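Beneath this line is the structure, given in structure tokens, with notes to follow.
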Amino acid sequence: MTKIAVCGAAGRMGQRIIVAAREAGCTISGALERPGHEMVGQDAGLIAGCGALGVAISDDLNAVVEGCDVLIDFTTPKVSLKNLEVCALKKKSIVIGSTGFTPEERALAVELAREIPAVLAPNMSVGVNVCFKILKDVAKTLGDDFDVEIVELHHNKKKDAPSGTAVRMGEVVAEALGRDYNKVATYHREGICGERTKEEIGMQTVRGGDIVGEHTVYFIGMGERIEISHRAMTRDMFSRGSVRAAQWVVGKAPGLYDMQDVLGLK
């Protein structure tokens, strides 16, 4: 039975991960929150609404990591890298669902994961990861004859933009077309900005209300358009995916994996 610790246990995602882990038959071995959080000391199960677990929410990262097989982390890149470093020192696995990593932060994650098996994925949804595979195939088939635009929508509390999922979609398409995403991504158009180049991949961001997450990739040709969309109705698919990744990664060889590895889509 996999022993899972949850970082950000009192948050919306942390609570859903605790519920999903219990439903999957895993043991919640630890629950972590930042020092000074008002829920420190409270039973993690009661906070998550799944009944008392006898596991108090803690602010002691080292102790929580020591007692688990794998840590699930949906926080921020800065916090995730700190957690990854501690997991590497203690030879524990980690699943990271945080978004907004810079290229430098991702490179550091790759380096730290030389010591342990780690999953880093901007989206833990099975459906989204199937979309990644579809996008690769569609982009290769259509080639340079279709313009590519990506639109993503999220709730008004989301802190990073564009979403990590949208960026990964752009990277998948760019790789399939032999382009450098960082050079062709266009995040803003305003005023007289000139004609659209053939190589660019447009990225548009919408924030409002309580939208869990929606992503649409448009392949726009002359007289026809293909739209590949994914809409998240609840966060539960992310929590279930993270637990699936946690069960998968324990015992794997050291290295940085993603959900494509977890789902066998590579």
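Glycine too: its Cβ is placed from the backbone N, Cα and C atoms.
Taking a C-beta cut-off of under 8 angstroms and a sequence separation of 6 or more, His154 (active site, proton donor/acceptor) has the following same-chain neighbours: Ser163, Val206, Arg207, Ile211, Val212, Gly213, Glu214. The active site, proton donor/acceptor annotation in Swiss-Prot covers His154.
What Swiss-Prot lists as active site, proton donor is Lys158. According to DSSP, Lys158 (active site, proton donor) is assigned to coil rather than to any helix or strand.
As annotated by Swiss-Prot, NAD(+) binding site applies to Gly8, Ala9, Ala10, Gly11, Arg12, Met13, Glu33, Gly97, Ser98, Thr99, Ala121, Pro122, Asn123, Met124. Neighbours of Glu33 (NAD(+) binding site), defined as other CB atoms within 10 A of its CB across all chains, total 24.
Residues or ranges marked as NADP(+) binding site in Swiss-Prot (evidence: sequence analysis): Arg34. Cβ neighbours of Arg34 (NADP(+) binding site) (same chain, under 8 Å, six or more residues apart in sequence): Asp59. DSSP assigns Arg34 (NADP(+) binding site) to coil in the three-state reduction, outside any helix or strand.
The number of other CB atoms found within 10 A of the CB of His155 ((S)-2,3,4,5-tetrahydrodipicolinate binding site), across every protein chain shown, is 12. Look at Swiss-Prot and you will find His155, Gly164, Thr165 tagged as (S)-2,3,4,5-tetrahydrodipicolinate binding site, backed by sequence analysis.
Across the recorded positions listed here (Arg12, Lys158), the residue whose Cβ sits among the most other Cβ atoms within 10 Å is Lys158. Spatially close to Ala121 (NAD(+) binding site) yet at least six residues away along the chain are Ile96, Gly97, Asn129, Ala245, Asp258, Met259, Val262, judged by Cβ distances under 8 angstroms. Of the chain residues outside the (S)-2,3,4,5-tetrahydrodipicolinate site list His155, Gly164, Thr165, Thr99, Pro122, Asn123, Glu152, His154, Lys158, Asp160, Ser163, Ala166, Gly213, His215 have their Cβ within 8 Å of the site's Cβ mean position. In this structure the alpha carbons, written CA, of His155 ((S)-2,3,4,5-tetrahydrodipicolinate binding site) and Arg12 (NAD(+) binding site) are 13 Å apart.
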